[in-house]
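Q: Please find one structure pasted underneath; my questions will follow.
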Amino acid sequence: MNSTQQLNDTEELTGSELICNIMVAEGVIGVFGNLLVCFVILRVKFLHNMTNYLLVNLAVADMLLCLQSAFVPTGIIGRELFCRVLISEYLAWALSYASAYNLCAVTIERYVAIMHPLQYKRKLTATRMKYLIALIWVISFLFSSPFIFTIETSNNPEHPCFESKYPHHEFPILLNVFSFFMGYLLPIALMSWAYYKIQITLKRQAKVLNLQYARAAAYDLVLARHRLVRTLLIVLGSLIILLTPSSTAILLCLHPIHKALISFCDSHTYGYILAVCDFFYYFNSVINPIIYELKYKKFRQGVKVAFCSCFKRHGNNRVDIEMIPL
């Protein structure tokens, strides 16, 4: 019986190590991928427009989310940070909010550019967008701040963190429901509605221009907008697919550590399912650079200009309109 228990512990340890290694590899890929997005957009001049600057902000949020998974502090101060910021999932939730809300900001920019093009410059000034970006980050860390108080530190080196005593037993349930609504359901609902309206408008514009035999430049502009929106729709679709498992797990087991509503939430099987959900959760921050490379033509051109000297000369001779919303 002891040998069987030892074998099970060894298998569990091996499985945990495998999951940990996969998550670290995923985090490293995500950091370098999003760093590539920031480097290319900031370096290449014809990518300097409002949409791409917002994509840089999104990439920063995703990069930090991937980076925090590999941060393991030591010492007394490090232990406090480890428990309050990482184990409590405060930082993960804050960066997840920032990622979702930055994608909402990209959606807002596209919505105004396509639905109200004549008011674009007046409504979306550089100053207003800076305030919006700052507000996104402040709100993201503010919304996740209750997680700081869900974990405390101990002097036990084997168990440096333990769950706090809540003022009310429904506190973690309300916290997770709030996180599900504000970090998943609300952003997805708003973006889905906005892109639905955008798609209808773009199709109508293309049809009108085609019937009127409009100038090629005007028709090409509509097609360029449609391609960019299609890329952003893929980004939104990946967010829905990859965040749904973890969000569903939150609703299924609102408080799985103690007194779980469902006995399955205390099982090892649920632990492995949760690990897979976490993999998908972090993969959402890894996949965006891949989508840009596969579906965003101007970004592919930017990569060539940024890294290949043979393309730089041609890239610098391009004439792009930066002040007009794409």
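Placement of Cβ uses the backbone N, Cα and C atoms for every residue, glycine included.
Relevant sequence annotations retrieved from TrEMBL are reproduced here:
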TRANSMEM  22-42  transmembrane segment
DOMAIN    33-292  domain 'G-protein coupled receptors family 1 profile'
TRANSMEM  54-78  transmembrane segment
TRANSMEM  90-108  transmembrane segment
TRANSMEM  129-151  transmembrane segment
TRANSMEM  171-196  transmembrane segment
TRANSMEM  232-257  transmembrane segment
TRANSMEM  269-291  transmembrane segment
Q: Are there residues at least 6 beyond the ends of the transmembrane segment (171-196) whose Cβ is under 8 Å from a Cβ of it, and what are they?
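A: Residues 93, 96-97, 100-101, 103-104, 107-108, 110-111, 143-144, 146-147, 150, 229, 232-233, 236, 239-240, 243, 247, 250-251, 254-255 contact the transmembrane segment (171-196) from elsewhere in the chain.
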Q: Near the transmembrane segment (269-291), which residues from the same chain, at least 6 beyond its ends, have a CB less than 8 A from one of its CBs?
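A: That would be 15, 19, 22-23, 26-27, 29-30, 33-34, 36-37, 58-59, 61-63, 65-66, 69, 96, 99, 231, 234-235, 238-239, 241-243, 245-246, 249, 253, 256.
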Q: Between the stretches 22-42, 90-108, 129-151, which wins on the count of C-beta pairs under 8 angstroms to the transmembrane segment (232-257)?
A: 90-108
Q: Would you mind giving the whole-number mean pLDDT across the domain 'G-protein coupled receptors family 1 profile' (33-292)?
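A: Per the prediction, mean pLDDT sits at 84 for the domain 'G-protein coupled receptors family 1 profile' (33-292).
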Q: Six or more residues out from either end of the transmembrane segment (22-42), which same-chain residues have a Cβ under 8 Å from its Cβ atoms?
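A: Contacts of the transmembrane segment (22-42) (Cβ under 8 Å, skipping residues fewer than 6 from its ends): 48, 52-53, 55-56, 59-60, 62-63, 65-67, 69-70, 278-279, 282-283, 285-286, 288-290, 292, 299, 302-303, 306.
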